[in-house]
């Protein structure tokens with residue numbers, strides 16, 4: 001066991017079978033490996049990001065975890081694309097405290113008019129290099145428009161393994177999501193893609209997801225943990241124990257090694273007093289200030305936590 005950890009720190013690529021065994025290790029053992037790898041590739045810098053839910057609700061997809069799906073019976077706010085000047089103002093203000101900012105929309109995709117509005121705003125945004133978009137399925141034509149407008153980063157989660165995906169969504173398939181990522185890479189975008197954990201998937205499913213993301217060469221891996229929202233199909237699932245969450249983060253760092261690992265939705269609810277342990281588990285980034293339809297923790301508290309740990313916030317990370 002100790003030899004395996006030392007080999008991994010030295011650069012050994014783990015197999016799926018070896019990765020699965022890490023869930024049986026003591027927490028301090030897996031922390032040791034994950035922290036060493038994080039420091040090797042990321043130092044003591046922490047990336048902090050935030051998002052805006054620019055278009056909310058009325059999604060035609062049946063993702064069982066999502067508050068914005070019309071197949072789930074939630075009281076989520078419903079509104080069309082937010083005025084782009086308001087998005088611009090909100091993102092500019094947010095970027096005074098965070099290094100990157102994501103514009104997220106509900107639904108399978110945006111229409112041509114919505115894309116044109118966003119692209120016009122991007123062209124006139126002084127901090128466009130700090131922006132990313134998460135707008136669903138995207139055509140090659142739209143990829144080109146976004147690139148010409150200055151966008152460099154594309155977010156598109158795989159959510160889980162290909163094997164488990166039919167359990168959470170039937171209105172589109174896994175390969176469609178993979179293809180969107182591959183086409184984004186073809187157009188030269190940085191890729192932000194990760195998953196949601198605690199939906200009933202197995203440990204093997206989590207490892208399969210990590211290896212898929214590794215094969216896709218994703219630059220940033222957002223890790224989200226299920227929040228049990230009333231009205232969603234998954235609201236009655238048991239919550240993941242905090243230690244299992246931390247081990248999952250560590251296994252992702254051990255498998256993936258070099259990408260940014262960002263801890264996002266569900267951090268506060270699921271980790272509670274163990275939130276600061278995400279960095280020992282190998283994460284080097286976090287989302288702050290709230291999520292799509294749920295409240296997060298304020299940036300001041302998160303910045304203090306990072307400072308107390310002797311870590312530094314990485315300023316102005318562009319794509």
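Note that Cβ sites are derived from N, Cα and C of the backbone, with glycine treated the same way.
Database features, via Swiss-Prot:
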- 41-267: domain 'Radical SAM core' (DOMAIN)
- 59, 63, 66: [4Fe-4S] cluster binding site (BINDING)
- 192: [2Fe-2S] cluster binding site (BINDING)
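Mapped onto this structure are the features recorded in Swiss-Prot.
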residue: 59; record: [4Fe-4S] cluster binding site; Cβ contacts under 8 Å, 6 or more apart: 66, 68, 69, 70, 106, 107, 108
residue: 63; record: [4Fe-4S] cluster binding site; Cβ contacts under 8 Å, 6 or more apart: 69, 159, 168, 169
residue: 192; record: [2Fe-2S] cluster binding site; Cβ contacts under 8 Å, 6 or more apart: 102, 132, 134, 153, 154, 155, 156, 218, 219, 220, 221, 222, 262
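Other residues of the same chain near the [4Fe-4S] cluster site, with their Cβ within 8 Å of the Cβ centroid of 59, 63, 66, are 61, 62, 65, 67, 68, 69, 71, 72, 106, 169. Residue 66 ([4Fe-4S] cluster binding site): 25 other CB atoms within 10 A of its CB, across all protein chains. Under DSSP, the residue listed as '[2Fe-2S] cluster binding site' is assigned to a strand (E or B) in the three-state scheme. Taken together, the residues in the domain 'Radical SAM core' (41-267) have a mean pLDDT of 92 on the 0 to 100 scale. Under DSSP, residue 63 ([4Fe-4S] cluster binding site) is assigned to coil, being neither helix nor strand in the three-state scheme.
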